[in-house]
Amino acid sequence: MVQFDVEKTLEELTLGEKVALTAGTDFWHTAAVPRLNIPSLRMSDGPNGVRGTRFFNGTRAACFPCSTALGATWDTELLYEVGRLMAEESIAKGSHIILGPTINTQRSPLGGRGFESFAEDGVLSGLLAGNYCKGLQDKGVAATLKHFVCNDQEHERLAVDSIVTMRAMREIYLMPFHLAMRLCKTACVMTAYNKINGTHVSENKQIITDILRKEWGWDGLVMSDWFGTYSTSDAINAGLDLEMPGPTRWRGTALAHAVSSNKAFEYVLDERVRNVLNLHNFVEPLGIPENAPEEALNRPEDQALLRRAAAESVVLMKNEDNILPLKKEKSILVIGPNAKTAAYCGGGSASLDAYYTVAPFDGVKAKSEGEVSFSQGVYSYNELPVLGPLLKTEEGEKGFKFRVYNEPSSNPNRELLDELRLENSLGFLMDYKHPKVTSFLFYADMEGYFTPEEDGIYDFGVTVQGTGKLYIDGELVVDNSKNQRQGTAFFGNATVEEKGSKELKAGQTYKVVVEFGSAPTSDLDMRGVVVFGPGGFRFGAARRVGQEELISKAAELASQADQVVIFAGLTSEWETEGHDRDHMDLPAGSDEMISRVLDANPNAVVVIQSGTPVTMPWAHKTKALLQAWFGGNECGNGIADVLYGDVNPSAKLPLSFPVRLQDNPSYLNFRSERGRVLYGEDVYVGYRYYEKVDLAPLFPFGHGLSYTTFSRSDLSLATVPEKRQLEDGEPITATVTVTNTGDVAGAEVVQLWIVPPPTGVNRPVRELKGFAKVFLNPGESKTVEIVVEKKLATSWWDEQREKWASEKGTYKVLVTGTGDEVLKSSFEVEKTRFWLGL
């Protein structure tokens with residue numbers, strides 16, 4: 001790659017070449033113009049790891065903790081380090097552009113992609129995202145802020161019209177992007193799928209051009225979300241530079257015709273192409289060649305950072321009687337559905353095939369010096385656990401054979417085209433390719449051998465984007481080939497799981513065959529669904545066992561145990577792109593299991609893994625509770641580090657945890673109704689609502705305990721004289737002394753809140769405006785400084801003037817952290833002023 005003289009290159013490009021540069025060629029690559037030595041660029045998801053170019057059977061990758069986990073760290077320096085490692089992973093995958101971070105706002109706990117964003121508050125989200133992007137771009141990799149903007153639900157996400165006031169848009173939903181851009185002008189921005197007040201974002205000139213480009217002075221590349229372009233000239237004229245993925249639906253000959261008919265002027269097309277060429281120049285120093293090979297890193301130092309991030313994200317919610325940390329020398333009973341399952345990431349574009357994963361049970365076992373025992377307690381899968389890892393090939397290797405044909409099994413003379421050995425019986429074939437498979441229509445037989453460890457009735461399940469039949473020793477057990485029912489798997493492209501059962505004997509080996517037909521063989525009605533590739537399959541199995549039997553056994557064992565830890569929560573089955581959750585509850589049986597184990601042993605520790613809030617009807621019973629999110633590769637080790645005190649918990653909640661779903665401010669206005677969703681809570685999202693109506697959540701935003709204690713003292717404020725025009729350069733500097741008053745080294749998060757004076761508009765009781773994290777040894781004191789621009793600390797969006805308003809009056813400053821201690825001060829705004837820009 002070479003640096004381009006952008007203006008000279010624009011003059012040399014033909015109309016056809018310009019048009020080609022404004023759309024991708026496939027799922028992950030931009031167009032090349034060999035005549036002018038313009039190469040193709042590669043991009044990759046994304047939110048918590050760099051998958052590379054393949055969903056199916058691709059190169060493994062590092063999996064970082066999910067974004068709500070990283071949000072819980074409140075650690076801007078850590079996020080910078082995470083960004084740098086993400087960049088190195090990107091380079092190893094030959095990718096110039098990372099499709100992340102996601103910084104939408106979780107207006108409801110039910111949002112399917114809520115785990116992908118950092119926080120419900122724009123200041124926390126924006127400052128973390130800005131540092132993450134700096135880490136990426138300091139290494140030369142292009143960051144992509146997404147999804148711009150109000151992409152806050154999965155229900156009808158391509159079509160839903162988000163009806164939102166401009167005040168809420170500015171103060172809540174644009175704020176993470178606003179603050180991230182102040183720290184790091186990212187190379188790319190990705191538009192949201194949805195409409196805003198009647199117009200799809202990808203063709204919304206007010207959002208893309210007026211606010212992002214003109215008001216904020218940003219000059220990067222705007223790309224669509226995948227299949228989120230809905231027009232030709234409208235999108236080009238609004239400022240959408242790049243349609244993704246390819247092949248194009250809306251550019252190509254349609255765009256050439258639009259230019260020739262002056263629906264889109266060529267100088268406007270030149271603006272779009274100019275941004276594409278500027279992106280080439282931004283990533284050129286990376287030296288990544290076209291179609292670079294994809295490699296794995298998995299270095300010891302990377303594993304250490306992932307472990308640190310996982311541990312630093314764990315929130316200590318309760319710790320009565322100092323139940324934690326656990327004693328390594330004592331025996332321990334581990335209970336629960338998440339104990340031996342590494343819930344390391346959410347689903348959808350955030351999912352990837354990790355280098356390795358550490359389940360919580362394995363993390364505990366590695367730490368404990370005493371006996372470690374296990375009880376299932378309850379199963380919490382949404383679909384039956386994947387069977388692939390329990391299968392063996394005919395040669396005795398782990399997994400199963402995947403054999404591909406162009407004809408169905410009814411053709412005895414069909415030719416075998418491809419044969420792979422797979423271990424995961426969850427396969428998304430979006431990017432499967434073979435020279436002799438020339439269309440989306442093909443067939444595959446999956447064959448492996450299963451030897452159960454226990455007698456019993458086993459349930460088998462098959463989910464397909466396509467058709468599927470599962471046979472045991474030649475007997476048809478599951479038929480998912482006709483009368484299919486629409487499900488949510490594979491981005492909404494697949495069926496529900498169809499099940500069958502068979503009695504099996506322990507120690508006997510059974511031949512398992514799944515006959516699969518790709519997506520064109522399905523009879524599902526796919527209207528209104530974005531079809532991703534030629535198909536997908538998932539087959540699983542489990543021995544049938546009653547929940548009562550499992551719960552009773554767990555409770556009995558708990559009553560006799562020295563130490564007990566319960567691991568429960570959600571997985572990527574429950575929290576995933578493509579659909580929202582129906583409720584906040586844990587999977588069926590989990591709450592009863594936790595409650596009964598706590599009755600049997602009140603000192604049992606509860607660890608919840610979820611990307612977003614869940615209900616906890618047993619919370620009053622538990623003395624010790626951790627919120628552990630989806631912790632990436634090292635989730636099990638990170639949790640164990642905190643449980644045993646090798647890491648002192650320092651995380652704070654980035655989301656409010658309501659007592660029940662009905663308490664959430666979006667409860668009456670979540671999901672699309674007749675094609676629209678009303679953001680009826682306006683600016684009162686998350687803690688802003690709970691504090692305004694004086695409704696206590698189960699655990700508030702910013703909550704988190706420690707194994708040590710801290711004091712905060714000596715708050716002082718420094719301001720500068722006001723200027724006639726409000727702009728950057730009027731900092732408010734708060735300094736506070738923080739002391740570790742306990743016996744354990746630890747970290748404190750100092751939070752700075754602003755309380756506005758009474759004005760002519762309703763405003764939140766207080767708003768977070770700054771924070772800092774400080775690490776202290778026992779007895780150590782440090783001075784912490786938090787600097788906030790006065791315009792950002794005081795302003796609200798005035799819809800009449802269409803400007804930010806900083807009103808005259810006395811503003812209170814509150815400084816909080818671990819514990820109930822609040823330091824107070826104030827400052828004056830001498831005159832009301834209005835402003836625009838970053």
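Using the three backbone atoms N, Cα and C, a Cβ is placed for every residue, glycine included.
Straight from Swiss-Prot, the features:
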type     : residues : note
CARBOHYD : ASN57    : N-linked glycosylation site
CARBOHYD : ASN197   : N-linked glycosylation site
ACT_SITE : ASP225   : active site
DOMAIN   : 395-555  : domain 'PA14'
CARBOHYD : ASN493   : N-linked glycosylation site
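With respect to their backbone Cα atoms, ASN493 (N-linked glycosylation site) and ASP225 (active site) stand 17 Å from each other. Of the glycosylation sites ASN57, ASN197, ASN493, ASN493 has the largest number of other Cβ atoms within 10 Å of its own Cβ. When the alpha carbons of ASN197 (N-linked glycosylation site) and ASP225 (active site) are compared, the span between them is 19 angstrom.
Residue density at ASP225 (active site): 24 other Cβ atoms are found within 10 A of its Cβ, drawing on all protein chains shown. A coil conformation is recorded for ASN197 (N-linked glycosylation site) in the three-state DSSP classification, outside any helix or strand. A distance of 24 Å separates the Cα atom of the residue listed as 'active site' from that of ASN57 (N-linked glycosylation site). Under DSSP, ASN57 (N-linked glycosylation site) is assigned to coil, being neither helix nor strand in the three-state scheme. The average pLDDT computed for the domain 'PA14' (395-555) is 95.
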